[in-house]
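Enquirer: Got a structure for you, written out below as structure tokens; questions coming shortly.
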Amino acid sequence: MTPIPTLSPTRALQLGASAWFVAATLGQWAFVLFILAFFGGHTLGGDLAGLNDKPHVTGYVPGDTFGNLQFIAHALMGGIVTFSGTWQLIPALRRRWPHIHRWNGRLFLGISLLGALSGLYLTWIRGSRLGTGSNVSITLNGLLILVFATMAWRSALKRDFVRHRRHALRAFLLVNGVWFLRIGIMLAGLVLAPLGVEINYQGVVFVGVSFASWVLPLAVLELYLRVERSQRAAPRYAMGGTLGVLALLILTGSAAAVAFMWLPALSPGSAP
Ligand code: HEM
């Protein structure tokens, strides 16, 4: 009789991590495509007023040259940093082309710092605020990006690669906080809309998802790093399974974001 193949705990963890990475990459790149098409398209086409075809907090304001520049540069930097981050996580690329990892790493960390600073500017100086709860959340998210991007950079310069990996993974998740927020709101909407519950910017659901968009990924990462260090089988299976479930949620939320948020914004006249 041929033996039934079994999944080792290490393999289960690897499979879960790979599934998470593939799902996150698909969802993040859909966000990148939307940013390029919408912000890149209107900017290159010289149609800045068209940026207001979809709702923003402040958006394009005629006459406010510096504020508009910050707004557009911030969104475009968001696209670049999201795309750049993906490549840093691919082990084969780090091993075979370490110089690409180093240069792309400088780009990722540099734009993360600039993006977080311009986000803080938009929130606190330009005054693009949705409500107290979500302001506190995005501000903490932005400050933590500054902390962990700096620590990831410093530990790389010191060649302390164990610390570098941990800080860089935290920076990656924090930079993607705004993408997780969109996925989270879509998932909340899929559950709550059929129940007739509306999501508004000051309400508990939006503020809760805002905090969850960066606290939850950081918490899952800390668990993952612990499980990696542990030799026990059960936590490896459990973490592998959890990452698999999260991958499915990410795919669902991303598909909903494409269908209900990003595609409608790209079709003039049908934006929500
Ligand atoms: C580094 C990661 C970040 C990325 C990838 C990112 C990405 C984006 C994108 C794509 C937009 C345009 C959204 C739209 O209207 O379609 C945006 C808007 C905005 N971001 Fe960020 N962001 C990041 C960090 C931050 C941080 C840390 C803050 C605040 C502390 C922030 C504050 C804002 C504000 C206030 C707007 C709205 C501007 C408006 O609608 O007038 N962002 N961001």
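Keep in mind that glycine also has a Cβ here, set from the backbone N, Cα and C atoms.
Nobody curates TrEMBL annotations by hand; they come from automatic prediction.
As annotated in TrEMBL:
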{"type": "TRANSMEM", "residues": "12-39", "note": "transmembrane segment"}
{"type": "TRANSMEM", "residues": "71-93", "note": "transmembrane segment"}
{"type": "TRANSMEM", "residues": "105-124", "note": "transmembrane segment"}
{"type": "TRANSMEM", "residues": "136-157", "note": "transmembrane segment"}
{"type": "TRANSMEM", "residues": "169-192", "note": "transmembrane segment"}
{"type": "TRANSMEM", "residues": "204-225", "note": "transmembrane segment"}
{"type": "TRANSMEM", "residues": "237-263", "note": "transmembrane segment"}
Enquirer: Using a Cβ cut-off under 8 Å, which residues of the same chain at least 6 positions beyond either end of the transmembrane segment (237-263) come close to it?
Expert: 9, 12-17, 19-20, 22-24, 26-27, 30-31, 33-34, 38, 182-184, 186-187, 189-190, 220, 223-224, 227, 272
Enquirer: Please determine whether the transmembrane segment (136-157) and the transmembrane segment (71-93) are in contact (criterion: at least three Cβ-Cβ distances under 8 Å, sequence separation 6 or more).
Expert: no
Enquirer: Mind pulling out the one from 12-39, 71-93, 105-124, 204-225 with the most Cβ pairs under 8 angstroms to the transmembrane segment (169-192)?
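Expert: Looking at each of 12-39, 71-93, 105-124, 204-225 in turn, the most contacts to the transmembrane segment (169-192) are made by 204-225.
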